[in-house]
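Asker: The structure is given below, and queries will be raised subsequently.
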Amino acid sequence: MVSLRSIFTSSILAAGLTRAHGSSGKTCPTSEVSPACYANQWETTFPPSDIKITGATWVQDNIYDVTLSYEAESLELENLTELKIIGLNSPTGGTKLVWSLNSKVYDIDNPAKWTTTLRVYTKSSADDCYVEMYPFQIQVDWCEAGASTDGCSAWKWPKSYDYDIGCDNMQDGVSRKHHPVYKWPKKCSSDCGVEPTTSDEPEEPTTSEEPVEPTSSDEEPTTSEEPTTSEEPEEPTTSDEPEEPTTSEEPEEPTTSEEPEEPTTSEEPTTSEEPEEPTSSDEEPTTSDEPEEPTTSDEPEEPTTSEEPTTSEEPEEPTTSSEEPTPSEEPEGPTCPTSEVSPACYADQWETTFPPSDIKITGATWVEDNIYDVTLSYEAESLELENLTELKIIGLNSPTGGTKVVWSLNSGIYDIDNPAKWTTTLRVYTKSSADDCYVEMYPFQIQVDWCEAGASTDGCSAWKWPKSYDYDIGCDNMQDGVSRKHHPVYKWPKKCSSNCGVEPTTSDEPEEPTTSEEPEEPTTSEEPEEPTSSDEEPTTSEEPEEPTTSDEPEEPTTSEEPEEPTTSEEPEEPTTSEEPEEPTTSDEEPGTTEEPLVPTTKTETDVSTTLLTVTDCGTKTCTKSLVITGVTKETVTTHGKTTVITTYCPLPTETVTPTPVTVTSTIYADESVTKTTVYTTGAVEKTVTVGGSSTVVVVHTPLTTAVVQSQSTDEIKTVVTARPSTTTIVRDVCYNSVCSVATIVTGVTEKTITFSTGSITVVPTYVPLVESEEHQRTASTSETRATSVVVPTVVGQSSSASATSSIFPSVTIHEGVANTVKNSMISGAVALLFNALFL
């Protein structure tokens, strides 16, 4: 009987699924794929383009595969850095790369003309006859990040731009986007309004089997045994208790006497609430299903077959739904802690032509599956509210649509009162992280339009930023570990649970007890919680004891003992509140909770070196430089999943000893050398692996200690300074932009330095001359003669010492000049002036 019911049920389900999804994969006629609005390429600063949808194929529900055709003026393929479709409302993600040097995606061979296939969500038209795509964008980047720059200087268009495709920004019946999105018949059916009715009919046949159950239940009340169990109609009011026995092994109850058929029929009254769903369509009970039951002579078989639909999917779904709420009741609608909502990557506002902004996600609440409600916080430099034309969030991957308008003069939406600072709530799809512990938003954009379409123009002329711009939010365009988007998207723990890897084990644990301990669930608090919704259950909570005292104790003795010899004692354990002992007795589950902890391993590599590109930004410009740094990789294996964590860290200083080198630094301005400096610094050679090849890189670093001369260990023994002598030098003397050549007499002395090692160094030094007069008187009987001599003296020596000990009659000062200087105070002053000029 079990196998026959299984075959019967599977045939019913297969037929229902075939009828429900038989038209899946249908392709719409090309002639019926048309623009959803009229759009003209209003942006004249972008290359001319022709972007359209040329085909659509229905997948399931509101999901379609569409063919996108792209034609535009372009450079060569070697100049292309990246080309991608962003802001998609798609089950496969919000971005599709068609060409990327950074990500190594090369799906096209001609950037001027190409096609690609996209899987997208759609929204229904007002008459429910057509479906329409959500808005999206196509982003193009040229001549950057390793792409060839040949021909880029002659390219008259921007190096980076986005084509906007959509019908969500209408003005005077025309979309302000570059191109429109497209629409086509719903499910690619040309009969508008017919398919929905036919789509409901296959659902009713799937439920038409259930009206057979009420008909069979109506027949069974005709049996005298069913009315004897008058309390069971109250039990049908609580569908869960009987259903769980049905999902338990009551198929073995039919193996007992025919009385189990009565509970099986009494269980059909349990499904009599499910016929309430078909009772919405009472036509089917009036259909030819009732005659079919009289044609079937064996009513017990029909209840058994009617049980099978009850246990086919719907009772199992309640049981599974009762199982799922047990773990989901705890996280149902939980809000993630604010501290655990963090950026999914590092992004710097690289675009300096837009107003400075701070856009982030400040909160997340789990709704269901991969759907979350998030709070977006926006702060940016702005004009007044009266100048705002439109402000909206576009490119969302959301069940409510790809665009949310927060302010629009055209659409009459005024949800904010301060364009410089506001918050809003978004319902979005998310994608799981590699370790399945976190979820992350898909990329999106925030579009701002000022001073147009009826907005005030006061102050617009003084606005230094563009009148229309888009903030890009995402982590899908990484370069050197930094996102090239304006701001990052955010991530948070999956289902807002802080126990990564534990929740799946707890979700598995309830499944294990539910399969083995379903009898406990009737006795446990789950069903009493469900009965609490109906006041009859407290009465029926005692009625299960009455059946235990009635003839049905034989059924537990016959059905439960073979199935639940282990659990037959456990119902007594819950009565004795020994549920804590169940985990103690079933050590397998704690074992399963401990097992994920045992295989967790961590392996950390030594510090190696790598090159990073660091971007330093000032007020309006940014510069990039290569920096050598350390990198470590930690491999973590948990539950069989391996995660590699890369950490950049400073290089250990104790392993590097800089070598002093002389460096010439030249500062340029206006293509001319303005200053050249020679200084000593440290140099370190590093072997760096870049792109798989090893390269020796010299990195300049400050010296940890002062540069020590080679004679640092050699002590000076003696210093001998020679007597000053005179010499003549030639200098250019300039005054008031007029230069002339002058001959200057100056002093020169030599210092002979002898070191303890025996080395000798002679250092010549030019010194100015200082005039000193010394009168030597010679006493004689016949004549007194006075002699005046000009003595060259090193600056800094006292005049008295020069007068007494530095008289050198043998030294002559440049013939023809000394005599004049000796006798003329004016000439001496001139000599001092030249000496000063020389200094």
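First residue shown is number 1, and so on along the chain.
Including glycine, each Cβ sits where the backbone N, Cα and C put it.
Pulled these from Swiss-Prot:
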SIGNAL    1-22  signal peptide
DOMAIN    24-194  domain 'Flo11 1'
DISULFID  CYS28-CYS188  disulfide bond
DISULFID  CYS37-CYS167  disulfide bond
CARBOHYD  ASN79  N-linked glycosylation site
DISULFID  CYS129-CYS192  disulfide bond
DISULFID  CYS143-CYS152  disulfide bond
DOMAIN    332-502  domain 'Flo11 2'
CARBOHYD  ASN387  N-linked glycosylation site
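Are these features on the surface or tucked inside, and what touches them?
Answerer: Note on CYS188 (disulfide bond): other Cβ atoms within 10 Å of its Cβ, all shown chains, come to 20. In the three-state DSSP reading, CYS188 (disulfide bond) counts as helix.
Every protein chain shown contributes to the tally, and the Cβ of CYS37 (disulfide bond) ends up with 18 other Cβ atoms within 10 Å.
Annotation for ASN79 (N-linked glycosylation site): same-chain Cβ neighbours under 8 Å, separated by at least 6 residues, are TRP142, CYS143, ALA147, SER148, THR149, ASP150, GLY151, CYS152. In the three-state DSSP assignment, the secondary structure recorded for ASN79 (N-linked glycosylation site) is helix.
CYS192 (disulfide bond): 14 other CB atoms within 10 A of its CB, across all protein chains.
When Cβ atoms from all protein chains are considered, those within 10 Å of CYS152 (disulfide bond) total 15, not counting its own.
In the predicted model, the domain 'Flo11 2' (332-502) has a mean pLDDT of 87.
With a cut-off of 8 Å between CB atoms and residues at least 6 apart in sequence, the same chain places TRP450, CYS451, ALA455, SER456, THR457, ASP458, GLY459, CYS460 near ASN387 (N-linked glycosylation site), listed in sequence order.
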Asker: Can you tell me the CA-to-CA distance separating CYS188 (disulfide bond) and CYS129 (disulfide bond), as a whole number of Å?
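Answerer: Their Cα atoms are separated by 10 Å.
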Asker: Closest of the disulfide-bonded residues to CYS37 (disulfide bond), Cα to Cα, picking from CYS28, CYS129, CYS192?
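Answerer: Closest by Cα distance to CYS37 (disulfide bond) among the disulfide-bonded residues CYS28, CYS129, CYS192: CYS129.
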Asker: What does DSSP call CYS37 (disulfide bond) in the simple three-state scheme?
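Answerer: SS state of CYS37 (disulfide bond) = coil.
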Asker: In Å, rounded, how far does the Cα of CYS167 (disulfide bond) sit from the Cα of CYS129 (disulfide bond)?
Answerer: 18
Asker: Have a look at the disulfide-bonded residues (CYS28, CYS129, CYS167) and report the one with the fewest Cβ neighbours inside 10 Å.
Answerer: CYS129
Asker: For CYS143 (disulfide bond), list the number of other Cβ atoms lying within 10 Å of its Cβ atom.
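Answerer: I count 19 other Cβ atoms within 10 Å of it.
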